[in-house]
Amino acid sequence: MNLFINKIVSSILQIILFAIVPFIWWFVTARKHQKFSQWIGLKKIDGGKRTLVAVITVSIAFLVLGAYVLYVIRDIDTATSEFASLGVNAIPAIVIYAAFNTAFPEEILFRGFLLKRMANKFGFNIANLTQALLFGLLHGVMFFSLVGVIKAILIIFFTGAIAWFMGYINEKKSNGSIIPSWIIHTISNLFSGICAAFSII
């Protein structure tokens, strides 16, 4: 129960931390024209079956690459290490962690804020590549000293590639909604948390 409560509290703090700059930017530049939720991409998914197929495909790719990354860093403490060997008791905390502790705040910042704002200035292609690179670096730089340069670069590349596809699905298949990438991101985090809880990898 303590772990569950801790994850709720930590999720609230993470969301505030990651959303504060986007919120201030919106408040200064766009509050008279659009609600914050719409501006950031928290809106209905468009695209129907095509979007669904894209979400499923990228989710599967993320899980496969995620399994590889988990194997590479299996002896290293990570965000999911606190769930290690807790089994079914960890499931409620894992759900909160997966959806709200990392996926939601990161989607707000990377796909909701950085991608959209840079796309307005530099166009979608440059913006999507930039947010994907930053996302990959965020998740991979820490591993350079732990797993070596080659494996760390692979982690950055794989994570960045998934981030690129998530940005593409959001903007080109879902009319700018960040919900598809939030779903993909959450599924990946659930997988990582469950692997830790049940010592699968």
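Note that Cβ sites are derived from N, Cα and C of the backbone, with glycine treated the same way.
Range with TrEMBL annotation transmembrane segment, chosen from 106-124, 125-143, 182-200, is 182-200.
Taking Cβ pairs closer than 8 Å, the transmembrane segment (51-71) reaches residues 45, 155, 158-159, 161-162, 165-166, 169, 173-174, 180, 183-184, 187-188, 191-192, 195, 201 in its own chain, all 6 or more past its ends.
Taking Cβ pairs closer than 8 Å, the transmembrane segment (12-30) reaches residues 36, 39-40, 100-102, 104-106, 108-109, 112-113, 117 in its own chain, all 6 or more past its ends. The predicted model assigns the domain 'CAAX prenyl protease 2/Lysostaphin resistance protein A-like' (92-191) a mean pLDDT of 94. Residue counts for the domain 'CAAX prenyl protease 2/Lysostaphin resistance protein A-like' (92-191) under DSSP (helix as H, G, I; strand as E, B; rest coil) come to 93 helix, 0 strand, 7 coil.
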